[in-house]
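The structure under discussion appears below in the form of structure tokens.
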Amino acid sequence: MRKKEAKILNPKLGKWSLPYVLVFPMVLMMAIVILYPIAKTVGMSFFENYLARPGVNPFVGLKHYMNFFGDKYFVNSIIITIKYVVITVLLRFVIGLIAALLLNEKIKGVGIARSIVVIPWAMPVVVVCLLFVQMFDYQYGIFNYMLAAVGIIKEPVKWLSNKDLALPVAMFVNIWKGWPWVAIMLLAGLQGIQKEHYEAAEIDGAGYFKQFWYVTLPTLRPVTLTVFILLMVWTIKDFDIVYVLNKGGPAHATEHITIFIYQKAFEALRMGEASAAGVLVLIVTMVFTIAYLRLLDRMDSER
Amino acid sequence: MKKLTLPLVILLILVCVSAVVAQEKVRLTVEMSVYVEAPHKKAFDLLKEAYELQNPNVEIVYYGPAYDEYWDKLAVEIVSGTEADIVQLQDAAARYATYASLREGETGAFVNLDQYIKGTELEDKLIGQKELVFNGHYIGIANYATGMRGVYYRKSLFEEAGIDADTIITNEDFLEVAKSLTKSKDDGTMQYGFGAVISTHDFVYDEMKTFICYPIGATYSPLNKPPYEPDNIIVGNEAWNYAFKWWQDMIFTHKVVAPGSYDKADERDLFWNGVVAMNIDGPWFVGMTKEYNEALLDDLDIIASPDIVYNGEQYPFNKQNYGITHLVSSNSKNPDEAIKFLLWMTTPEAQALVSECGMIPSNTDYSTGADYYETWPLNAKLASLAEERYYEPPILDPEIPELGEINRIMINFAQAAFINQEDVADVLDEAAEEIKALFR
């Protein structure tokens, strides 16, 4: 053993001190970049923190948190967020699963199809949103043009400035952008299923749907759970799509919780309230994150 | 190796000299929201070129996103102390209070400019200079350009309809003309009398606020003056109801507004494409039209924003000044150099370059001169119409930090009224309650 190694493996520091030394820089980086901002935000949520009054920052305790219960816009943003998350997660999963099943077939051109399918997911979010803004344009948008051309609509539709359509449009863009990732993840899972399972099922007389129900879905369960949890976490934090399309309008119709927080912080300059709302979102995403980590642990131990 | 020694030494000397020279250059950063627009980019590039030629020790660097993203970003930068040496602000003077108050101090986030402005001829010659006050001190220089809004129209569409634009004096005249110009064209497409932003863009409220609210006294408090207390908030009074209802009827009852404009750029496109016949805009629109298609300038003319008839009285349009102005950050490492550049921008030499943006240069020494009038006749016409018809002093937004929040409240309720077609009285009552809550 060389002298340096002997020093690092000093019995006083413990037999395994080398790994800690190696991991320390990353831990420090994470503490600075992740833990400190979180701690700061939590701290800010207990103070007034109205930026337009610098130097005046009284402690308010849980006032911001309690006020949210009576804030109709906060409640509205929670409802919108729940709708947005549930519908987009489910639809991305369903479309992704169908796509994965198709891409798993050994047919001509499937290689090219697998490459093309990734494009929506690979495109930058803001670029996608700006393109859809043009496509949904009332006067010059391609959607109104095509729908009118086939006679589905007689007059152009105000996709983005209609309070009943604005949220479905945002969901559509989210689903269009997100299903390829689901498809790729599930495809990887499908390719891990041994074909002997299907052969055995076929011998037992199971048709396609029974094989799907009793072989494919159960085997895909770990991947499915992973996909669901990650989609939930990402969609709860989603900001760019809804913001670029409509900034939470018209009249709060697409005001996702992240937009509520953004406007509280940067337009109203009320950092205390924004921090409190951010902490609540953090708690919800942590619940899903802990569930995800526990799932990973269980999958590891099952192996 | 010996052969390389001399070239290496020379290279090393050159690198060191460059580093020293680079360090000696003063780097002035200027952040703005208009650099993304072609006419303003042209003007600012010319200013940079001319100034750096005269001051080789200075390097000017511009940056900034478009209008929509600029304001929130600026607030964050000021709070974190990372804003540029020179910050550009525009629109209502009261924005200054919002941003200045983000930092402690007599003049907050910006440098006190009293010694350069107060008592000098600039105080009177720069349009809008007297509004750039925070806590009784000058914090900005109105050194770039300005403009008030008018109604631009397509001459050919008016001629086709047999309408004399000079007959538009009141808002009712304006509505009647807009109705005459709204029709189905021979090719089956629609032509509309008027373009307005009816979307989630901030202008859904801003345009109608200046067009009809402020002229008839529909302000947040009387004349937007203090005290800003719940009992003094007048949002939702009769004037507000009239203004909101009139605008809502234009959109949904008379249907003279082209639907679906996502933002102001969309609306301008509709005007240039002949889909709308009238567009409320400022002199910057002339520069934009020139950049879009210079030939269109021949078909462009302007009338004054109409008087508003309310309760039997006729109220002239309010001479709102949409000046683009500059302030020096209190965190700047080169405040003297920054101020020197900004003062140079007020000179006739610089103002001639500023005129390239299409707006009216701020220094009246230049903008009232014959050269300017000859080059930009439409802007000259707007300036003289404003002198003739518009009411002074202008009603400004309240100079309070809560202005950002008030604007957001009004934008949301304007969307409720002008997109969702909700009842105007209900919408304004709710808006009033939310604004009052800010001051409880």
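Just so you know, glycine gets a Cβ as well, placed from its N, Cα and C.
The annotation domain 'ABC transmembrane type-1' is assigned in TrEMBL to A:78-292.
Per TrEMBL, transmembrane segment is recorded for A:20-39 (among others).
With a cut-off of 8 Å between Cβ atoms, the residues of this chain six or more beyond the transmembrane segment (A:73-103) that come close are 110, 113-114, 117, 167, 170-171, 174-175, 178-187, 189-190, 212, 216, 224, 227-228, 231-232, 235-236, 238, 242, 252-257, 259-260, 277. According to TrEMBL, the feature transmembrane segment maps to A:73-103 (among others).
Remote same-chain partners of the transmembrane segment (A:115-136), defined as residues 6 or more beyond its termini with a Cβ less than 8 Å from a stretch Cβ, comprise 99, 103, 142-144, 159-160, 169, 173, 176-181, 183-184, 240-241, 244-245. As annotated by TrEMBL, transmembrane segment applies to A:115-136 (among others).
Among the features that TrEMBL reports, transmembrane segment is placed at A:165-190 (among others).
Among the features that TrEMBL reports, transmembrane segment is placed at A:211-236 (among others). Through the fold, the transmembrane segment (A:211-236) approaches residues 81, 84-85, 88-89, 92-93, 96, 101, 174, 178, 182, 185-186, 188-190, 192-193, 197-198, 201-202, 257, 281, 284-285, 288-289, 291-292, 295-296, 299 of its own chain, all at least 6 residues removed from its boundaries and within a Cβ separation under 8 Å.
The annotation transmembrane segment is assigned in TrEMBL to A:274-293 (among others).
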